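Taken from TrEMBL, the feature Mn(2+) binding site applies to HIS54, HIS102, ASP191, HIS195. Taken from TrEMBL, the feature domain 'Manganese/iron superoxide dismutase N-terminal' covers 29-109. Annotated domain 'Manganese/iron superoxide dismutase C-terminal' per TrEMBL: 120-220, in sequence order.
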Amino acid sequence: MAFRVLSRKTLSLSKNGGLGYGNVRHLQTFSLPDLAYDYGALEPVISGEIMRLHHQKHHQTYVTNYNKALEQLDQALTKGDSSTIVKLQSAIKFNGGGHINHSIFWKNLTPVREEGGEPPKGSLGWAIDNQFGSVETLIQKINTEGAALQGSGWVWLALDKEQKKLSVETTANQDPLVTKGSGLVPLLGIDVWEHAYYLQYKNVRPDYLKNIWKVINWKYSGEVYEKECP
Ligand SMILES: [Fe+2]
């Protein structure tokens, strides 16, 4: 995940009583990751206009607000301001979650000419067949749960590292998958916020879900699966 580290020199009392710089603290902030493909490369499944807005405006806003909240947190920690520290938690969860989720989502997509939509192979393909019967059955389950999710959120194919099992999960708003369980690893996340599809699919979320599988990057999911579940 893209990030940068800002060094902050804090004033402190030196041993001889004078003011000096000490305790160099490092505040890690984040930046918008580049996409591995052009905005128009997922057409006709997802329009270039949606991809540009989604990446440059929506994801960028999560990054900006996440960094702002982290900087405020850093200041509140320096001051020992507990009420501000607690107050910032929701902004950190929402905007940090937005950054985490979208960073995964971009990797879950790839143009058709670069194997977009090619069914999962290797151990992930085997695990899906073993647990769900077929990839088609899994897709149906994800689409059903994604369409039924009320309001905005995400639908996931997760690996439960402790149980060594796959599961389909949903999260509300920008909650990242880890909020459903610390052992859950996101293999595939689909954004079902209206901003992900409305310009092209209007309010018909099921059509967006049906089509998105043509540009899903199963190869990436398979690599994560093999790394986390060797
Ligand atoms: Fe989004």
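Glycine residues also receive a Cβ, built from the backbone N, Cα and C atoms like all the rest.
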Sorted by sequence, non-HIS54, HIS102, ASP191, HIS195 residues with Cβ within 8 Å of centre, Mn(2+): HIS55, HIS58, HIS59, PHE105, TRP193, ALA196
Most Cβ neighbours inside 10 Å, all chains, among the binding-site residues HIS54, HIS102, HIS195: HIS102
Number of Cβ atoms other than its own within 10 Å, given for ASP191 (Mn(2+) binding site): 26
